[in-house]
Amino acid sequence: MVIANSNIIFVAGLGGIGLDTSREIVKSGPKNLVLLDRIDNPAAINELRALNPKVTVTFYSYDVTVPLAETKKLLKTIFDKLKTVDLLINGAGILDDHQIERTIAVNFTGTVNTTTAIMDFWDKRKGGPGGIVANICSVTGFNSIYQVPVYSASKAAALSFTGSIAKLAPITGVTAYSINPGITKTVLVHKFNSWLNVEPRVAELLLDHPTQTTVQCAQNFVKAIEANENGAIWQLDLGRLEAIEWTKHWDSRI
């Protein structure tokens, strides 16, 4: 995908990895970058606008846990304004295994609902032009951090959902791929709660091992966007970008 002159919606594009990715995207010159986030960050938005004044950066308040109908209403507002959207990035996520319901609601259900909502505008069966979905999942979707099983399972679910959307592309015209960061130095991982407090030092233990910066992750994220490979499972770890070959153990045969 050529980012220049495109229209992009980025859910949670003002967070750690999200903000640095937004910076890299803006440098590439899209026509519009629409940021949907729960918390407004005027300083970050102004920085993005100053980084490339030719890019129109807009913000809408959005909580991914709202009902599907509300998400559709918000997207209609955006589509009415832009007419077309090329890429949806789903980046909302929390890491706190004390908040079981919210972890599933944000990390999985929110991704499903936002993707489902945009199908009203993209699905070729409804006369739509198709589109591209990039879902930020996690390497914990491959192999869990077992001390945070709820978080890991929510990311595995999002990864599975993304793979299914990719396989449905011949029917819907909508392609999809997953972005799976390894341990990245963000506020998210500096301190978080393990499930039932099984390991109070889990964040500290993870950060004892090699990590990557948000800038490294963001730069590789943009490379994955540009590659635009339907069904790709991208691992962004230790400053490297790698396409993962998924091992199939079972097939529905349909």
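Keep in mind that glycine also has a Cβ here, set from the backbone N, Cα and C atoms.
Note that the coordinates shown come from a computational prediction; the quantities given were computed from them, not determined experimentally.
Features reported for this protein in Swiss-Prot:
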- 10-33: NAD(+) binding site (BINDING)
- Ser138: substrate binding site (BINDING)
- Tyr151: active site, proton acceptor (ACT_SITE)
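Positions of Swiss-Prot features highlighted on the structure.
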| residue | record | DSSP (3 states) |
| --- | --- | --- |
| Phe10 | NAD(+) binding site | strand |
| Gly16 | NAD(+) binding site | helix |
| Ser22 | NAD(+) binding site | helix |
| Ser28 | NAD(+) binding site | coil |
| Ser138 | substrate binding site | coil |
| Tyr151 | active site, proton acceptor | helix |
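Cα of Gly16 (NAD(+) binding site) to Cα of the residue listed as 'active site, proton acceptor': a distance of 18 Å. When the Cα atoms are compared, Leu19 (NAD(+) binding site) and Ser138 (substrate binding site) turn out to be 17 Å apart.
In this view, the densest Cβ surroundings among the binding-site residues Gly13, Gly16 belong to Gly13, judged by other Cβ atoms lying within 10 Å.
In the structure shown, across all protein chains, Tyr151 is the one of the recorded positions Phe10, Tyr151 with the greatest number of other Cβ atoms within 10 Å. The two recorded residues, the residue listed as 'substrate binding site' and Tyr151 (active site, proton acceptor), have Cα atoms 10 Å apart.
Taking a C-beta cut-off of under 8 angstroms and a sequence separation of 6 or more, Ser28 (NAD(+) binding site) has the following same-chain neighbours: Ile3, Ala4, Val222.
Residue environment of Ser22 (NAD(+) binding site) contains 27 other Cβ atoms, counted within 10 Å of its Cβ in all protein chains. Around Leu19 (NAD(+) binding site), a 10 Å sphere centred on its CB holds 23 further CB atoms from the protein chains shown.
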